[in-house]
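Per Swiss-Prot, region 'Disordered' is recorded for 1-24, 133-177, 313-367. Here Swiss-Prot flags 1-10 as compositional bias 'Pro residues'. The region 'Basic motif 1' annotation in Swiss-Prot covers 11-24. Feature annotation from Swiss-Prot assigns domain 'bHLH 1' to 11-63. If you look up Swiss-Prot, you'll see 25-63 marked as region 'Helix-loop-helix motif 1'. As annotated by Swiss-Prot, compositional bias 'Low complexity' applies to 141-157, 313-354. The compositional bias 'Basic and acidic residues' feature in Swiss-Prot is assigned to 161-177. Residues or ranges marked as region 'Basic motif 2' in Swiss-Prot: 162-175. The domain 'bHLH 2' feature in Swiss-Prot is assigned to 162-219. The region 'Helix-loop-helix motif 2' annotation in Swiss-Prot covers 176-219 and is backed by sequence analysis. Look at Swiss-Prot and you will find 356-367 tagged as compositional bias 'Basic residues'.
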Amino acid sequence: MVLISTPPPAYAHNRKTSQEKKRRDEINAKIKELQLLIQNESDNEKMTQGDVLNRAVEVVSRMETESPGPSSNPNRKGFFDGFRSIESLTYSFIKSLGVNSDVCQDFVQRAKQFFDRERSSLLSTVSGKSKRRSESEILHSSMSYRSQSSSPSTSESGITIDRKEVKKNREQDRRDRQGEAFDALKNFIIENKLMTSHQVEKMQRLNTLDIIIAYIQNKKHNFVSRSDQEQSLYAHAIAEGKKTAKNIAFQFFKSDRHLVVRCADLEKFFEFSLSPKPLFGFPSMPIPIPPPSFPIFPFRPFPFFPMPMAPMATSPKSQQSPSYSLDSPPPSSDTSSSSIETPSTPNENSNSNPKASRKSKLFRPWE
């Protein structure tokens, strides 16, 4: 009986395939995380992996130009942080106008070129090693790639190439573009001394993405200072950066005849986004009900109705129940005459009028 020391070929192939699939899934997850970090920097809603990697090269190059080195100057860092926030709000406002998608894309692209041109003029130092591709070159390359991939591939003789061959060429082109982007990210890591060249040569793509993601996160939140003076400088620089970017945004809107009518709306959008507060005419919190009070005069829901007067206090009357006189004879059976008399005192009879006494006297035939 011979023991097999090596696994069968089918099992080894399946294991290698599962490991390759796991590695691709991890790379795709890292690219998705990278896209979330640079989403505010982008002007496209849907981005391919090649677009994300190329945009990452642009973002890290610009970040290093704006705030070189691991530590940042509070004035420089605060200015470009405020500048970037207004730039992102401008793109969001353009997308919220509700225009056609092609028109919106054109507005955003022109606005980005306008901001990039003004930013480059504001930068005091420009890194010659990490020159990023301009937006026009990226747009031209992406459009040419899409036109080549979307157009039917034909040979010189006019015979249509097999669809499998076209699909294979597209996949190879996609891999080449991703490879170029990864090479650019590795060169950035070496130039900025994030790692040595020997380490980068043996580095896999997953490690490259981890380093770039950590770099972007550190650059976005790298200003931590306990000094009150530096915090004050940073806050003042943010305000100046926002002010400068607002002026640039208004200049861009005034340069277009379709956007010039939206300048007032843009100003309100900036005001509400930077310092949100309830605007006039919008529903606000209800006024709290005051505690109940007891006024002298009660509340009258219908003032034209007379209010009932409170009963006045009077002295109690002497309770004198009418009764039959003991000296009077029993009542008569005749129903026409009443035998009940109103009791009266002698003083009252003496003071009363004699005519009234005659009228009040009842006729009794038995008297």
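Glycine too: its Cβ is placed from the backbone N, Cα and C atoms.
Here the structure is a predicted model, which means the values were calculated and not measured.
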Helix, strand and coil residues within the region 'Helix-loop-helix motif 2' (176-219) as assigned by DSSP: 36 helix, 0 strand, 8 coil
Helix-strand-coil residue split for the region 'Basic motif 2' (162-175), DSSP-based: 13 helix, 0 strand, 1 coil
For the region 'Basic motif 1' (11-24), mean pLDDT (0 to 100): 77
Three-state composition of the domain 'bHLH 1' (11-63), taking helix and strand from DSSP: 42 helix, 0 strand, 11 coil
